[in-house]
Every structure is written in C-alpha cells, then in structure tokens.
Amino acid sequence: MDPKDRKKIQFSVPAPPSQLDPRQVEMIRRRRPTPAMLFRLSEHSSPEEEASPHQRASGEGHHLKSKRSNPCAYTPPSLKAVQRIAESHLQSISNLGENQASEEEDELGELRELGYPREEEEEEEEEDEEEEEDSQAEVLKGSRGSAGQKTTYGQGLEGPWERPPPLDGPQRDGSSEDQVEDPALNEPGEEPQRPAHPEPGT
C-alpha cells in the first residue's frame, strides 16, 4: 500500500501548476530560469545581468559566476618573483649566519675578560689525553723489554697496581719447568704400568 501511495503523490505533484494563472506562471519562470535560459543568458548577457537577483535566488547563478576570474583564486608567481624571493631568502640566511658568528665572538670576548678561556681549556685537555696515551705506550714497551720481571708502576686510577709478567717470560720459564717436570711426569706414567702387570696375574 505504501509504494502505491508514493506513486500517487509523485504523479499528483506536476498537476497544480497548470491550474495557475499565466501571469503567475511567467513570474515563476522568471524567478526560476531553466538551464536553456541560463545558457542563453551566459552567452548574450552582460556581467550586470549575470549578477541579477533572480539568479542569486535560484542558486544556479553560481555556475555563471564561477566562469569569471575569481579574485581569491591562487595565481602562481612569475619567474622573476620567484627569483626575487629566493634572493631575499639567501640574503636573510647569510645575514643570520653573520649575526650568529658575531654574537659568538662577542660571547667569547666577554668570557675571556671574565677569565674563562674555553678554547685553551679544551686544548689543555686534549694535550693531557695525548700525554696519558704516550705514557701507556711507554709502559707497554718497558714491560716487553723486561722479560719475566714483575715491575710496579705509578698509581693508576684506583691506586697502585702491578702489571702481570709479559707473555714472553712465562714461555721461557715454562719451558725450563717442563724440562724439570718431564721426569716427574714419566714417574707417574710408570706407576700405572706397575699395577697393570699384576692384573693379568690375578
């Protein structure tokens, strides 16, 4: 039942305008122009007629207005304008760099006046580190030169410490110890052979 009622409503809608007076029909047509009328107006009308109130009310005059050049539309800058922008940007960057460099120099001058030479302190720290590395290299050379001798060096970070003997020393000592221990190794080797003889007898 509902779909039939809807169809009846749809067919009954266009009927009333035929009962209106021809004057009212003309007024309605003027207020609501058809697309064909709008097309004709757009071809032959002047800008003043395009902005007429009845087209504003209809809302279709927007299509006509959109054909005009919109003052708010984005227009890309020309090559000359782009070059000017780039040059001004580069100049501002160079000015900023110069200002920063001059500010740093001023700060360094003030710090030197106050007695805080930063650069000199950094150089001294680097020299101290190089001296420590040189002293460590000398210690390693000295330990290699004294083969097998335990040498004590100056205090380290945690206190006095002894460097273990280098690898060259124990090999020499170990070779002599192995020669001394060889007969001792042979003796225990002979001991298991002695009980091995009575086992087959038992």
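Using the three backbone atoms N, Cα and C, a Cβ is placed for every residue, glycine included.
Annotated features, as they stand in Swiss-Prot:
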type	residues	note
COMPBIAS	41-63	compositional bias 'Basic and acidic residues'
COMPBIAS	89-100	compositional bias 'Polar residues'
COMPBIAS	109-118	compositional bias 'Basic and acidic residues'
COMPBIAS	119-136	compositional bias 'Acidic residues'
COMPBIAS	191-202	compositional bias 'Basic and acidic residues'
MOD_RES	Met1	N-acetylmethionine
MOD_RES	Thr34	phosphothreonine
MOD_RES	Ser45	phosphoserine
MOD_RES	Ser46	phosphoserine
MOD_RES	Thr75	phosphothreonine
MOD_RES	Ser102	phosphoserine
MOD_RES	Ser135	phosphoserine
REGION	1-202	region 'Disordered'
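Around Ser102 (phosphoserine), a 10 Å sphere centred on its CB holds 10 further CB atoms from the protein chains shown. In this structure the alpha carbons, written CA, of Thr75 (phosphothreonine) and Ser102 (phosphoserine) are 40 Å apart.
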